[in-house]
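> Okay, here's the structure, questions in a sec.
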């Protein structure tokens, strides 16, 4: 036990003269260093708080203003127009303050007020500048004169080195679209999916809603947009994620893969050591605000990043809540059914990679057996939420169970040392499929699905992440993951034998094995949750499709957006797969607004369906198909831009629905809109957010992206990542229980659809 090892540092002997207390010099040193580290963190946070609080000005600018005001006074010029004298007369009379002192103090107070006013003015100007979105609608590679002026002003006001949270007070709020625009765009989006009679009925229902009660709902929504930071985000997190009572495994959580072609080391403990150390470095940068935000789209790199570490989703009977803590100094490791607590600090510093490798190797070498009920305990987080919430209240609120669960829920993150080997194998066509399924659900009892993320390290050195969705969206974990992979491979590295670099400190206390006392009744609940989760996992049909016939390089030659190209390919593939069109979801970020999260792009349009029908009509010429393709691509790109700039459809309709429920007014229109299934749900994984890996120089060091489970029982989930110039990776999910879907078949249809679209442009060479 680690506690037992530490206890020997404090020894005392009872004598007739009293208690002779003996303290270990080594322990006192560690206590001193830990205290110094803690105070350093507080000082850095205070400093960053001041820098962020006065942004876009700087603390030194206050001194400049004070000196300027004092200089004018000595020159017998009053820039305050009498305000300094009025402040002087308002100061309390004191025998310790001379007339000269009162005058200086009054000038300082006036200068401070002037400085604060200047800060608010700069913030208002910066917010107005960040509300300018015309640049996003301009053609790629072309920039208007007004946009050039705007960009120069943004750079000027942003300062030289903005911190991570510097932009928060200057970001504009997400605007509430007008009812007319939302209804018009909604009707336009469903037109290709309805026949004439169905469309007329929907049009009637929508117009009735627009007359009444939509104006009532809109007024309340406008009021919320003025009062709240973001009129969507809190409701989205609560009602879409936290109030859901179904299992979050597969249905909500998503995964991210390792580098596609490279495994830096095949030693499991060594890979875990480097990756965990890289994550701790990232967390330190995050806590200090040292990560640089994008000046144009900074929201996503600050608001959601706050909860990446030390965060857990806590189950409740009616709703869950997200618990976020600070300064967590341990993580919990799961291996072969046992839980271990590993301290991440030693002597006031992070453990070095070699020290972490030693700790993880000790866990791998531990031959102890799981305690009763311990093996499948994590399956509680994989099953339905209500049984887990009740079991937590009944069996985990006192004694060793409470202490052990608290260790998990307060950990920096959760680590699974998996006893399987996974990864991409070119000789095994299903290797990527098995890898994806393992990351998404594993054995249903070897990931803690409630943690903000679970790091999985396989026995062959491959890694991956399973992420809980309520606290953030995929670009956030992707931001951290890119930093970790680059640090692991290009900064930390490994020895020739595959071990972590650095000396080994064998005096470290061994990891602490968590203790449990799980009664039979609780074990039955655990088994029930496991069976539910296993049923869900067994029904997931995954296929990883590596499309390397061409990539972004060739698509650029087509003078179209790569995302629009792929989305039209998905529409064509889906039509060939099912013989019909469906409501299609593509996720877009609203990161240009404060606390922005996502918006929906409805990719199935009248223009895209016209293009698909033309592709399937042999009488249509290639010139006609190409013209329809360009029209559909332009339409898609415009919708994507509208979604990014706050003019989307679905988040507005969602919030109107919430208002209707709160007011107790039923709306047939909103009820129908919110019940429509997304049979094709898509998302693009961002690549190279930090540009830390030069994939032109190191083409093998490319990420494989990630994916999610199917949204509809009879639909597909498709996540894709555009990797460099010559590769696009598709992660396709569906359900075996649906006779209408087959992930492998859909992958083949996507491949052929992409090739058929390329043929329209007569571009056959690989970029």
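Each Cβ is built from the backbone N, Cα and C atoms, and glycine gets one as well.
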> When you get a sec, could you say which of 35-57, 81-103, 104-126 is annotated transmembrane segment by TrEMBL?
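The listed stretch tagged transmembrane segment in TrEMBL is 104-126.
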> Transmembrane segment per TrEMBL: which of the ranges 60-77, 132-149 is that?
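Of the candidate stretches, TrEMBL labels 60-77 as transmembrane segment.
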> Looking only at the domain 'Choline/carnitine acyltransferase' (174-752), what is the model's average confidence as pLDDT?
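It averages 94.
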> Which residues does residue 469 (active site, proton acceptor) neighbour through Cβ under 8 Å, counting only same-chain ones at least six apart?
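241, 248, 252, 253, 254 - these are the non-local Cβ neighbours of residue 469 (active site, proton acceptor), listed in sequence order.
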